[in-house]
Amino acid sequence: MSKQILILPGDGIGPEIMTEAVKVLELANEKYQLGFELTHDVIGGAAIDKHGVPLADETLDRARAADAVLLGAVGGPKWDTIERDIRPERGLLKIRSQLGLFGNLRPAILYPQLADASSLKPEIVAGLDILIVRELTGGIYFGAPRGTRVLDNGERQAYDTLPYSESEIRRIAKVGFDMAMVRGKKLCSVDKANVLASSQLWREIVEQVAKDYPEVELSHMYVDNAAMQLVRAPKQFDVIVTDNLFGDILSDQASMLTGSIGMLPSASLDTANKGMYEPCHGSAPDIAGKGIANPLATILSVSMMLRYSFNLTDAADAIEKAVSVVLDQGIRTGDIWSEGKVKVGTQEMGDAVVAALRNL
């Protein structure tokens, strides 16, 4: 029986980078006889334009029926003035929550070929390989009540809620420990337990889960210190587990240690490792349609999909090897280009990865 993959290009540069990722996926499908069937649909602004909502019910049904979802990016200034609850980003939040994609894996890896691209000194970031495990469907982004109210003095006050249940914390902590077990057996849990009640429960539950993983060295760090340490000495970290808000911020910070967010994929998984895969970067509307966006993060998201949702290690390794070969050849999109390298556009980069994969 064939495996179903839903392709959601999204907005901005999403369709451009997705075209290249699909080329790589189709070659891998043929080369390794993976038996994938691809279907395409819309999400975000593209869905608003077509259906009037950022995620149509039929699209959500297709996502539920699929074995994995590959996403480009959502959002753009075209939709910034519409009602908040139907903006493109709400489609992304909805598909995550409706599919139960609670565990977000965001690697921050510095490719040796791109050591000069980081804004930090080479000796600080050389060999960097961090995995941030972010809780994705709880916390302040989904908490209620939220809104704006008028105080007795006539002033408006906005408020949000940051709730976490024991079960939500326990399941994401388990993902963090599981990832640590197959990596360096080190896990740093990041919270704000000196201030937030939700973080105090977070720390308590993480400590409980740690008893099931005696081989893993567990440490705790406040989020403000973690942000500082990511810049001061990032290689002290191997796996970081944290909540939705902190993970959103820290994973973007960690991505820039590598020199370009355009290189970094991500995975969002449910309890059975069925997942949605997307680049860490956004829709970059300022460069959309120019053919200069870096497709490598989306291509590497295909590799993560093969690895985590389908356990196709050989095919996943081959795609990562193909990307490394292309970087060895000095081929670069503008965001990772440096003097003496060959600057190419989106399509040329995709073609180069396809050629490298074909020759492996």
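We count from 1, first residue shown onward.
Glycine is treated like the rest: Cβ placed from N, Cα and C.
Per Swiss-Prot, these features apply:
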type: BINDING; residues: 76-89, 282-294; note: NAD(+) binding site
type: BINDING; residues: Arg96, Arg106, Arg134, Asp224; note: substrate binding site
type: SITE; residues: Tyr141; note: site 'Important for catalysis'
type: SITE; residues: Lys192; note: site 'Important for catalysis'
type: BINDING; residues: Asp224, Asp248, Asp252; note: Mg(2+) binding site
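Mapped onto this structure are the features recorded in Swiss-Prot.
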residue: Gly76; record: NAD(+) binding site; DSSP class: coil
residue: Arg84; record: NAD(+) binding site; DSSP class: helix
residue: Arg96; record: substrate binding site; DSSP class: helix
residue: Arg106; record: substrate binding site; DSSP class: strand
residue: Arg134; record: substrate binding site; DSSP class: strand
residue: Asp224; record: substrate binding site; DSSP class: helix
residue: Asp248; record: Mg(2+) binding site; DSSP class: helix
residue: Ile292; record: NAD(+) binding site; DSSP class: coil
Per DSSP (three-state), Tyr141 (site 'Important for catalysis') is helix
Here the Cα-Cα span from Tyr141 (site 'Important for catalysis') to Asp248 (Mg(2+) binding site), rounded to a whole number of angstrom, reaches 11
Cα nearest Arg84 (NAD(+) binding site) among binding-site residues (Arg134, Asp224, Asp248) -> Asp248
Excluding its own, the Cβ atoms lying within 10 Å of the Cβ of Pro88 (NAD(+) binding site) add up to 26
Residues sitting within 8 A of the centre of the Asp224, Asp248, Asp252 CB atoms (Mg(2+) site), not counting those, run Val223, Ala227, Leu245, Phe246, Gly247, Ile249, Leu250, Ser251, Gln253
Cβ-Cβ distance under 8 Å, sequence separation of 6 or more, same chain as Gly76 (NAD(+) binding site); the residues meeting this, in order, are Asp11, Gly12, Gly45, Pro88, Ser283, Pro285, Ala288
Lys192 (site 'Important for catalysis') falls, by DSSP collapsed to helix, strand or coil, into coil
Between the C-alpha atoms of Arg106 (substrate binding site) and Lys192 (site 'Important for catalysis'), the distance in angstrom, to the nearest integer, is 21
Sequence-ordered, the binding-site residues among Asp80, Asp248, Asp252, Ala284, Ile292 whose CA is within 10 A of the CA of Asp224 (substrate binding site) come to none
For Arg134 (substrate binding site), the closest of the recorded positions by C-alpha position, picking from Asp80, Lys192, Asp252, Ala284, Ile292, is Asp252
Least Cβ-packed of the binding-site residues Arg96, Arg106 (other Cβ atoms within 10 Å) is Arg96
Check: min Cα-Cα distance from Asp248 (Mg(2+) binding site) over recorded positions Asp80, Lys192, Ala284, Ile292 goes to Lys192
For the recorded positions listed (Arg84, Lys192), most other Cβ atoms within 10 Å of the Cβ sits at Lys192
Cβ density check for Tyr141 (site 'Important for catalysis'), other Cβ within 10 Å (all protein chains) comes to 18
Here the binding-site residues are Asp80, Arg96, Asp252, Ala284, Ile292, and the Cα closest to that of Lys192 (site 'Important for catalysis') is found at Asp252
